[in-house]
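Scroll down for the structure; my scribbles are underneath it.
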Amino acid sequence: MRFHKHLGARLRRPFILGLTGSIGMGKSTAASMFEREGVPVFDADAEVHRLQGPGGALVAAIEARFPGTTGPQGVDRQKLGAHVLGNTHELAALEAIVHPAVAKAQHRFLMRHRARDVVILDIPLLFEKGGWRRVGAIAVVSAPVWMQTRRVMRRPGMTRAKLKAIRHLQVPDRVKRARADFVIETGRPKSYTHRQIRAIASCFRAR
Ligand SMILES: CC(C)(COP(=O)(O)OP(=O)(O)OC[C@H]1O[C@@H](n2cnc3c(N)ncnc32)[C@H](O)[C@@H]1O)[C@@H](O)C(=O)NCCC(=O)NCCS
Ligand SMILES: Nc1ncnc2c1ncn2[C@@H]1O[C@H](COP(=O)(O)OP(=O)(O)OP(=O)(O)O)[C@@H](O)[C@H]1O
């Protein structure tokens, strides 16, 4: 773990710790470890899945803008992804539908937990979309790039070309590491990662 900046001036309640990292770096695993430590986590990606899933609030709007990408199970993410990942204009149109709805859900989460010492916003695109401005500190999950590739290529439907397009959209890991207040290493055994997370969570408890 690396403690990078002086945090004192930014402390307020609840303290908002942003959790981010590139594809396959272990963000979801880290988020559930924080939850196990009793820290509430807002999972932006899970919220997107809900909004796009069966009966989800955004399915109709997405069908209207991207005809043929939804069905009884909600949005077909493979189809929609194939259309928008690698196409800046189309991706921006999707973001204009999705991001305001995620922002509303995030606001509701923060209101619900306003009495807590610390909460986590798990935001895959924290650096890419300016969310870093709205958090008190940033934790980045990171592992060697070869390990990231190995993890991601195991996923169904993943191809070298898709991974390349995604990497192109994301701020590189080395830049994320340099801008982080905490770097959580996920290239080591999970017990090591969990110890780092316990230490970070204890920094913000009972201030
Ligand atoms: C494009 C979609 C349908 C692809 O879904 P799919 O399940 O195939 O892939 P997944 O969501 O796991 O994304 C794969 C990778 O692409 C990255 N990615 C997704 N959306 C974006 C984006 N708007 N900009 C940059 N990278 C993105 C993710 O961080 C992830 O690392 C889906 O990601 C989506 O609806 N994106 C728009 C909403 C969004 O911005 N979500 C991400 C943050 S909450
Ligand atoms: N020490 C570790 N910490 C976290 N994850 C690990 C660790 N060791 C192995 N992994 C594995 O790495 C894989 C990727 O983790 P995870 O699904 O949490 O990534 P992610 O960053 O949430 O991915 P995405 O951004 O694509 O959603 C998982 O299979 C996880 O079990």
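Going from the start of the chain as shown, residues are counted 1 onward.
Note that Cβ sites are derived from N, Cα and C of the backbone, with glycine treated the same way.
Listed features, source TrEMBL:
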- GLY24, MET25, GLY26, LYS27, SER28, THR29: ATP binding site (BINDING)
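The Cβ of SER28 (ATP binding site) lies under 8 Å from the Cβ of ASP43, ASP45, ASP122, each of which sits 6+ residues away along the same chain. Between the listed binding-site residues, namely GLY24, MET25, GLY26, LYS27, THR29, the fewest other CB atoms within 10 angstroms of a CB are found at THR29. Mapped onto three states, the DSSP output places GLY26 (ATP binding site) in coil. Other than GLY24, MET25, GLY26, LYS27, SER28, THR29, the residues of this chain whose Cβ falls within 8 Å of the Cβ centroid of the ATP site are, in sequence order, GLY21, ALA30, VAL141, ARG151, THR186.
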